[in-house]
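A.B. asks: Copying in the features that Swiss-Prot gives for the protein in this structure:
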{"type": "BINDING", "residues": "G154, V155, S156, R157, T158, S159, K160, T161", "note": "ADP binding site"}
Amino acid sequence: MAPITGSNFHLHLVSDSTGETLITVSRAVVAQYANVTPVEHVYPLVRSQKQLDRVLAEIEEEPGIVLFTLLEKDLVERLEAKCQEINSPSLSIIGPVMQLFQAYLGAATIGRVGAQHTLNADYFRRIDALNYTMMHDDGQHVEGLEEADVVLVGVSRTSKTPTSIYLANRGIRTANVPLVPGIAIPRQLESLRTPLVVSLHAAPERLIQVRQNRLLSIGTRAGNDTYIDRQSVADEVTYARRLSAKHDWVQLDVTRRSIEETAAAIMKLFADRQRQRQPE
C-alpha cells in the first residue's frame, strides 16, 4: 500500500470491550508524528457478526488504518479479509502479545472478552481510591490526610487535581493541598507519618501561561492581577520550594511533564517507598 499524502487520515479502532486499550496505544503512536491528526472512529463492544457488519460498512466508506482488539476468531478473520479487500492496513494490538505469552508460558488463553475489567479486588480498590481522592481535592477534609497513600502539594495550576485523579485510577488514594503564601498550611499536613508527600513545582513562565489560559477559558480579564504577575508568581514558587525543603517533602518539577509523566514519576516514588518499608 502506498503511503498517504497529507496530515489527516481515518483511524478505525475496533474492540469487543471498551476500546480503552486501542485509544491509549494509538494516541501514544500518533504523538510521535508531527503535524499528523487522525480522524478517530471508535467502535466498542463489537461482539457479533451483525455489529461487525456496521463497522465494516463505515470502514469501507472512509478507509484508513484499522486497529483492533477482538478475541473471536471468526470476527478477526472477517475483519482482516475485508481490510485486505479494500486495501486498508489492519493490525491486532493484543494478538502478537498474546502469542508471545502463550509461547513463553505454554498455556492457552481463557478467551474471555473484557477480562481486564472483571469486578475483582483491584477494581474495588480503584473505586475506593477515586472516592477518597474526590473527597480530598483542593484541601478538603484535611482531617483525613493520614489515610492517603500520596498527598500532593503545590501552588495553583501545578496539575494537582488531574494528577490526583490519574493516580486514583491506578488505585492510589491521593489528596491534594494548595500552597498559598500568607495562608498557613493545615496542621495535619505538617504531622503526616504514613503518606508520601510530593510537592509539585513549575517554572514561573509556565505557570503564568497556564493561568492566563485558565482566565481566558472562564472569560476573565487579568488586568494587573497578582495571579499572573511575574514577580508574584516567582515569589509563590520560591515560597513553595522553601516550605517543601523545610518539611523534607519530595519535590518534583512538572514544567515539561505531561499529567501521565508526572503520575508515572510519583507511582515510581510510591512503589520504591513501599518496598523500603517492607520487612526483610
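Heads up, the Cβ atoms here are built off N, Cα and C, so glycines get one too.
Model, not experiment: these values are computed from the prediction.
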A.B. asks: Across all the protein chains here, work out how many other Cβ atoms are within 10 Å of the Cβ of K160 (ADP binding site).
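C.D. replies: That number is 27.
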A.B. asks: Neighbourhood of the ADP site (G154, V155, S156, R157, T158, S159, K160, T161): other residues with Cβ within 8 Å of the Cβ centroid, in order?
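C.D. replies: Other same-chain residues near the ADP site: N176, P178, L200, A202.
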A.B. asks: Name the residues of the same chain, 6+ apart in sequence, whose Cβ is under 8 Å from the Cβ of V155 (ADP binding site)?
C.D. replies: P178, L179, V180, L207, E236, V237, Y239, A240
A.B. asks: Which number gives the other C-beta atoms within 10 angstroms of the C-beta of S156 (ADP binding site), all protein chains shown included?
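C.D. replies: Result for S156 (ADP binding site): 16 neighbouring Cβ atoms inside 10 Å.
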